[in-house]
Amino acid sequence: RKTDISYLFSEEERHLRANDRPFNLSYRYANNAIKTSKYNIFTFLPLNLFEQFRRLANAYFLFLFCLQLIPQVSSLSWFTTAVPLILVLGITAVKDANDDINRHRTDKQVNNRRVDVLVDGQLRNEKWMNVQVGDIIKLENNQFVTADLLLLSSSEPLNLVYVETAELDGETNLKVKQALTVTGEMGDSIDKLATFKGEVRCEPPNNRLDKFKGTLTLDQQVSSLDNDKVLLRGCTLRNTEWCFGLVVFGGPDTKLMQNSGKTVFKRTSIDHLMNVLVLCIFGFLATMCTILAIGNAIWEVKEGSVFTAFLPRENGIDASLSSFLTFWSYVIVLNTVVPISLYVSVEIIRLGNSFYIDWDRKMYYPKSDTPAQARTTTLNEELGQIKYIFSDKTGTLTQNIMTFNRCSIKGKAYGDFCFLFSLQKTDKVDFSWNQLADPKFVFHDHSLLETVKDGNPEAQTFFRLLALCHTVMPEEKTEGELVYQAQSPDEGALVTAARNFGFVFRSRTPETITIMENGRKVVYELVAVLDFNNVRKRMSVIVRSPDGRITLFCKGADTIIYERLHPSCSKLMEVTTKHLNEYAGDGLRTLVLAYKDLDESYLGEWRQRHHEAVTSIEDREERLDEVYEEIEKDMMVGLPAAAWRRNQSVLSSGHLEIKQNHTAENIGYSCNMLREEMKDIFIVAANTAEGVREELQVWMYFQTCLWGGFLIIPGSFHLQAFALEKNMQLELLRTACMCQTVICCRVTPLQKAQVVQLVKKYKQAVTLAIGDGANDVSMIKAAHIGVGISGQEGMQAVLSSDFSFAQFRYLQRLLLVHGRWSYLRMCKFLQYFFYKNFTFTFVHFWYAFFCGFSAQTVYDEWFITCYNLVYTALPVLGLSLFDQDVNDRWSSRHPQLYSPGQLNLYFNKKIFVRCMMHSCYSSLILFFIPWAAIHDTVRDDGKDIADYQSFALLAQTCLLVVVSIQLCLDTHYWTAVNQFFVWGSLAAYFAVTFTMYSNGMFFIFTSAFPFVGTARNSLNQPNMWLTIFLASLLCILPVVAFRFILIQLRPTINDKVRHKVRKEALPAPPPRRPPPRRISTRRSGYAFSHAQGYGDLVTSKGFLRPLKSRPALFIQKDSALAQNEPQHYRTISEEPEGSMSP
């Protein structure tokens, strides 16, 4: 047994023994506890500070603070940097602590769930975190699977269990797992299970959900283990009273956790740009300080000696040392080019815009009482720059709810369009006459029920076929209370429709099917089941009625059934095809029903050939297909349509993840990802790496001539083995980017993330991934923005997402309204913030040439402290929280407004340089106009006013007025809050200035407030106010003129829409009208979630028990399964007490 350290870090094979903890602990396998938190009470402060000071700006301000503690260097008080720095660190630390507390709470909730564990021959109720590899645990109906388990035994015949795997693969239809016979014999005997000493050797922990390889050794007998023998963590036990399992992988080693991906700290593209700009600003700051330090050295040599008589130098300080110290002094003085308040303001703006998402009533889903939620506050503006959307299909683009909506019987259509989408409320069909009807079933066309009641033979055959041709299992808890357990939602919807129209499927045995036909019990002999598979795309049953009539009933994809119809059906087929196209145009999922009468002699011969095919050793599948093909010919036709209600799609191009290859096109057309005019459909079909490469290159060459098209990458084998290999990634990416839509079929969670990372790495574009299941977690974490839908597949996607809501259609509002507004506001904020701070700082630079490069500040020290934190903080926050170029209705009506964000036009390096040039011009005006106006100026009474303090007051007043007017010019949407912030800040400035420059403050704090009397002596002079007006006019007038000319010559899309807004009235909310009917030749194939093998299962002799001996599994009558809605399952937080371990 290997127990060395190298083995622990490179596990090649897992070896465990049941009921032997010491043996298993020797391998140091991970226990079942999970941990997603980052800190604990001891490590929080040092680790959090370390992470915060890794941000360049924070480290820079800490360095500044240290410089300000050196008297020979500092020309500003230490508190001007310390207060903002402590504020920033404190706010960020509180936010990080709150996030980690939530992670701790979630971890604790999961780890403290309880399960029955077999310990020392007894079942003990233990916490999940205490479960070890090799333990045997007992699960009961509706419990979550604790860890990755080897199934040992169950309460069901043949040791079967039913599991819902929604949190693993996103599929809500039930899966069947089966234990080995050698372990299934133990049943629920605690004594036998306690003495079970089987040894398991299997693959090491990995993320492959669809594969498991291993062996079980028991009493010198070795049994093979595969994926059908394993229950994975994240599954939910359904329709099974109990089962026992052996823990193989626990906690972080489980396939669920292996697929969850690493949690990465997401930064927006603006954050990355700001980091680059900050580095550039540091370089620019160093350049300015170097220039001023050189100027100080020259001045000291040429002019400084003149002043030594009354300003003697300290001992040991010469011109070169003075120049060195001046460099660091100016680093402090000019540090406002990178103000720390910038980061505080950014966090506040993001938080405010996050609240808008949380409070948006138009993104609230009342049916489930689910509001939209911004789960992170750092990515809002990124929502306005999305270029690629990666979407899951099941539960995301579609609601995965199958309902019987319309049908065509013998050329007559029922369930007309108006009944589905009419604004007027139509009466529902009353099924109260049928005591066995499903109360949840809704249908509006009364004529269909009347046709059935009138005894129309075609209509009755239609529903008889639906009641007989399926693999549904019935549960009858009490007389008349039926629950159908369907392997796919398609099956459940069709059998439920037949049930309500009077053809009720009651029970089945391996030889018979019992239905109630309009209240009369009829037992059909089940002669044969011709099972479904993805090649046949159809399913058939052969039954014998009580009167001896033998009939083959078949249902399947339209194209498949049409090929097998009798020539006499050609005219009916034309009418049916017309109806099919209408249904497909409305986004409905369709299938065709057909039947055929058989005679006894032919059936006997066919059954003999069928038996030979079943028992053949070689080419069994091919021989069975031939036998099936032989009998499924010359059938008669009818047509129903069962449909899932799909969510509204946002964009006409993007990326999808589809469950099966043959439904990829249909999903694309149903969700408007594809259009009828898109004729160029390319499916990767090669089975070798070189073949895949050649196909991609051929398609890419073809697309250079005709841009657009539709690419399907089928199957995880091609995608994982070939297309995502490093030497082929670029071929895949080039081909995909030339298509309007790309659909990847049957991809694993890891492959989803790899596709996202491929686009992120090479396209340098902002990506968004949206999904609703645990299988989407890796993709959600990998994308720049992850959106979780709180749907029917649990809460794993929501817990890992950045934003969440209940319906896919809300993505449109999230991007086109909230995302665009957030991006626009953030860009305006950054432009204005850099403008006002560069203007503030450049005035210092110009002043240095008039103060002997002595690092003296232009402004009062208190003005420097309050400029960013008080005087200009609230107005710019008002702009960044409330501004909008157009309202939400116009934003949704004109999606082209979103394109500037995708191109990053509102804030980039070019815009930044323009801000610097604008600031440079404004600073020249704001320095030289006050300097020239006050130079050699006297008051009205003849006294001199040309002093430093008066100049400082005039310069800072001009600066504040100009930046306030500039903010007003940038504001498009005025509110009372904006007005209050702007005028209030100006009022606060004058109030604080007159207070600080008063005699009283001087007498109390003489050294802190030296500008005594400056305000009342200067601001009562008319020429001071004229100077303020002149400086403001010279700064603002060129901006107004430039913007006017730009709008006239090169108007942007925003300018055009805003001009249209001024001319037109506010657009009304979009009316709830029927969507335009679309005639489509693209039709959905039958049973996209159906699986092969159920035909053999339902005809198995040991599969069924007498119904009376089967205890009721459904205690709650209002449960989803009891109401025949197998897709509506409770989430973790909604499970009632007692339904699972706490």
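Along the chain as shown, the residues are counted starting at 1.
Quick reminder: no glycine exception, Cβ is built from N, Cα and C everywhere.
Listed features, source TrEMBL:
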- D392: active site, 4-aspartylphosphate intermediate (ACT_SITE)
- D392, T394, D772, D776: Mg(2+) binding site (BINDING)
- D392, K393, T394, E491, F532, K555, R589, R746, K752, N775, D776: ATP binding site (BINDING)
- 798-1052: domain 'P-type ATPase C-terminal' (DOMAIN)
- 53-70: transmembrane segment (TRANSMEM)
- 76-94: transmembrane segment (TRANSMEM)
- 276-299: transmembrane segment (TRANSMEM)
- 319-344: transmembrane segment (TRANSMEM)
- 829-850: transmembrane segment (TRANSMEM)
- 862-882: transmembrane segment (TRANSMEM)
- 911-931: transmembrane segment (TRANSMEM)
- 951-969: transmembrane segment (TRANSMEM)
- 981-1005: transmembrane segment (TRANSMEM)
- 1025-1046: transmembrane segment (TRANSMEM)
Request  = Compute the C-alpha separation of K752 (ATP binding site) from D776 (Mg(2+) binding site), stating it in Å without decimals.
outcome  = 8
Key: Most Cβ pairs under 8 Å with the transmembrane segment (276-299), selected from 76-94, 829-850, 862-882, 951-969   = 829-850
Ask   = In terms of Cβ proximity under 8 Å, which residues at least six beyond the ends of the transmembrane segment (1025-1046) contact it?
value = 918, 921-922, 925-926, 929-930, 933-934, 954, 957-958, 961-962, 965-966, 969, 1019
Note = Long-range CB partners for the transmembrane segment (862-882) (under 8 A, at least six residues beyond its ends), listed in sequence order, are 76-77, 79-80, 83-84, 336, 339, 341, 345, 348-349, 352-353, 825-826, 828-829, 832-833, 836-837, 840, 952, 956, 960, 963-964, 967, 970-971, 973, 975, 977-978, 981-982, 984-985, 988-989, 992-993, 996, 1009
Note = Smallest Cα-Cα separation from D776 (Mg(2+) binding site) among the recorded positions D392, F532, R589 is shown by D392
Remark   = For D772 (Mg(2+) binding site), the spatially nearest of the recorded positions D392, F532, R589, using Cα atoms, is D392
Positions whose Cβ lies under 8 angstroms from the transmembrane segment (829-850), at least six residues beyond its ends = 270, 274, 288, 292, 295, 330, 333-334, 336-337, 339, 342, 345-346, 349, 856-858, 867-868, 872, 876, 879-880, 907, 911-912, 915-916, 918-920, 922-924, 926-928, 931, 955, 959, 962-963, 966-967, 970
Note = Students should find that the Cα atoms of D392 (active site, 4-aspartylphosphate intermediate) and R589 (ATP binding site) sit apart, in Å rounded to an integer, by 19
Note = Mean per-residue pLDDT in the domain 'P-type ATPase C-terminal' (798-1052) works out to 89
